[in-house]
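Visitor: Below are the features listed in TrEMBL for this protein:
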- A:1-11: compositional bias 'Acidic residues' (COMPBIAS)
- A:1-24: region 'Disordered' (REGION)
- A:35-315: domain 'UvrD-like helicase ATP-binding' (DOMAIN)
- A:SER56, A:GLY57, A:ALA58, A:GLY59, A:THR60, A:GLY61, A:LYS62, A:THR63: ATP binding site (BINDING)
- A:316-587: domain 'UvrD-like helicase C-terminal' (DOMAIN)
Amino acid sequence: MSDPFDLDDDIPNPFQPAPRRAEPAPVPADAVWLVGLNPEQTEAVTTTEGPVLVLSGAGTGKTRVLTSRLAQILAGRRAQPWQILSVTFTNRAAREMKERVGHLVGPAAESLWLGTFHSLCVRILRRHAEAVGLKSNFTILDSDDQLRLLKQVMEGEHIDTKKWPAQALMGAIQRWKDRGLTPDKIGPDLAGDLAGGRAQVLYRHYQERLLTLNAADFGDLLLHCLTLFLSHPDALAQYQDQFRYILVDEYQDTNVAQYLWLRLLAQKHKNICCVGDDDQSIYSWRGAEVGNILKFERDFPGAKVVRLESNYRSTPHILAAASGLIANNADRLGKTLRPGIRHDPSEVEKVRVRGVWDGPEEARVVIEEIEALQRKGCSAATIAILVRAGFQTREFEERLITTGIPYRVIGGPRFYERQEIRDAMAYLRLVNSPDDGLAFERIVNLPKRGLGDAALQAVHAVARARAFPLFEAARLLVETDELKPKPRGALTKFCADVLRWRGLLDDLPHTELAEMILDESGYVEMWKNDKSAEAPGRVENLKELVRALADYENLQSFLEHVALVMENDQKDGVDKVTIMTLHGAKGLEFDNVFLPGWEEGVFPHQRAMDEGGNAGLEEERRLAYVGLTRARKRVLVTFAANRRIYNQWQSALPSRFLDELPAADIDRDAERGLIGSWQQSSRPKQPAAWAAPLRDQAGDFEAGDRVFHQKFGGGVVLAVDGDKLEIEFDQAGIKKVLDSFVEPA
DNA sequence: GGGTCCCCGTTTTTT
DNA sequence: ACGGGGACCC
């Protein structure tokens, strides 16, 4: 990938050499954070000076290395806490690291610059907002707002959003931001024929609208920071000077913008330690560049590379299975996981693979296994079902409900992304900052107040004409007689309400004010009167929102927090089976892992291969690797011969990943001849010798043949595609079926 | 301005 | 099958 910025020129540094600091102090070798580290870990922790790349395989103790390293730097008095920048991707990781460092070094942990890329960027941008055209109290938009805003921009440019979906352009803009590309960097080559070839203009207008609204989207947080650094060398120099030590977690997930950000900040002291695993790079589709990790040594000459390969999590069979699988990928930095702990031989099981007839049977089998585990004394919390895609969760949930096993599904709409929460938040935002035009639009007619398109258009017209925020414009508009009496009255009342609530900001505790707003606006009432099944849950969620407010000092800090930390407060600690996607499982571990749906098209996912080609397939394989390495003790991989997708039965082929698991570490449960079908139908690069007789036995079919199928009964072959037959069944209609499941009739 | 019908899409997801 | 969103009509 070409570099959007040329960083080869030295950026002038108006600050003179770093202020004097206390002499580094020797750290005793028996410091608590060094005890029990293996030699590689010790090297990663104690090599504090200069660039270090830590290639840490799954389960090799990277969080321990990161936290120990922080302790080492602090204890060695090499820097003050605020001179250390420690970056993670998720709030979860940031929280965990803060907690663990806190245990090692005490309150000093509080002063570290430790957080997600985005939260750290916000921290910097609030100080320098003017430099990028924002005010320091800028708001951060969620994806909903972003899309609505872009749609408006597109409509303003008379783009047919039916032909050119805003969603697609939004995606492109996000990818550009991921790569640090501002609108002026988007040439025709990049823009393509997106949005009728006008993508660059639309991107520019979108950015202008954001500035007018004093708002930034998530991508902007990085992008604006880069702009700040490049246009204000003094500001950059200040941060370069300040951050003597930089630590980066999950480096394989960094996008180009984050990479540039790090490279700029590390340029002075060059004490940057990146920890990552190229084999666990599973986010290329949202801009992550594995290339960043691959070229670290080029970017930081003289970098020390440490490989962590001792795995303290999984049994040897699981490690071998995962290693065998991932070995099928080209372009790896190359690591070999080896067991770092002794496993009780009586407890070590091979990875099990089992074929089943269809989705429901798969759920039944998995849940039976779960019950067996529970009988053996495993608690539900040690069990996870990791799926490729969200739609796979349903069958497991149904089965778990009927058997009464407690479970939780991680993922799905997050609390702060729910409609009712966003609406309520819009009320709070508008009261907190009346220029929040997006918030105004969202709720001005919610609950319905008889303000439709016409009224909103009128407000927009005034806003444009006077360059006022929407709320101000509305206040002006109701003074005129432009609106019909009914909407005019409604809008007058709405404006008066907002002003009244605003007047109470300082006088009323913010939780009470929020309650008052949700009540007096009629918003809660709206859901209470709603007959739909979800309505009561929504009312509950609104109550929960008010409760959450109580944890913050005021409305402002709450809104700030929510924008950045959009997460589910999953009530943990309860003994439940976890169902989540493979993506969601990265970084977690479980004693018992179920990996269902290993079928061609599902996993590897068809779209990943269609759109990503071989690179897409390799990323799917890394995902499989992530899945296997989540397990400490037991793995059961399943695949179904038939699956209903979009309510259509389709025959499925076992995933090619199954063929890639080393036989010596796998138990293949033979069941109903399904394994036969797997072996027979697996797509060997060249047909296996033993496959032929099986195929002959099954018989070759051709169109017109009369056949019989165990489940669907009699039918006639319509078409043959390799080992797949299209059959019109007498009772069941037209279906695609593997030839091994039918016999000549 | 609000209700109804039809058409489209339907991997992964953090911040 | 199903839900969301847009177009269309009252």
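Keep in mind that glycine also has a Cβ here, set from the backbone N, Cα and C atoms.
TrEMBL entries are annotated by machine, without manual review.
On this model, are these features tucked inside or out on the surface, and what's nearby?
Guide: Long-range neighbours of A:GLY57 (ATP binding site) (same chain, six or more residues apart, CB within less than 8 Å of its CB): A:ASP277, A:ASP279, A:ARG307, A:LEU308, A:GLU309, A:ASN311, A:LYS335, A:LEU337, A:THR629. Under the three-state DSSP scheme, A:GLY57 (ATP binding site) falls in the coil class.
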Visitor: Among the binding-site residues listed here, A:SER56, A:THR60, A:THR63, whose Cβ has the fewest other Cβ atoms inside 10 Å?
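Guide: Output over binding-site residues A:SER56, A:THR60, A:THR63: least Cβ neighbours within 10 Å is A:THR63.
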Visitor: Determine the mean pLDDT over the domain 'UvrD-like helicase C-terminal' (A:316-587), rounding to the nearest whole number.
Guide: 89
Visitor: For A:GLY59 (ATP binding site), what is the tally of other C-beta atoms lying within 10 angstroms of its C-beta?
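Guide: Other Cβ atoms found within 10 Å: 24.
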Visitor: Within 10 Å of the Cβ of A:LYS62 (ATP binding site), how many other Cβ atoms can be counted across all chains shown?
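Guide: Its Cβ has 22 other Cβ atoms within 10 Å.
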Visitor: Sequence gap of 6 or more, C-beta under 8 Å: which same-chain residues meet both conditions with respect to A:ALA58 (ATP binding site)?
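Guide: Residues satisfying the criterion: A:ASP277, A:ASP279, A:GLN280, A:ASN311, A:ARG313, A:SER314, A:ALA322, A:LEU337, A:TYR625, A:VAL626, A:THR629, A:ARG630.
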Visitor: Around the Cβ of A:GLY61 (ATP binding site), how many other Cβ atoms lie within 10 Å? Please give the count over every shown protein chain.
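Guide: Within a 10 Å radius of the Cβ of A:GLY61 (ATP binding site) lie 22 other Cβ atoms.
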Visitor: Suppose the ATP site is A:SER56, A:GLY57, A:ALA58, A:GLY59, A:THR60, A:GLY61, A:LYS62, A:THR63. Which further residues of the same chain have a Cβ inside 8 angstroms of that site's Cβ centroid?
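Guide: So the extra residues in range turn out to be A:VAL65, A:ASP277, A:LEU308, A:ASN311, A:TYR312.
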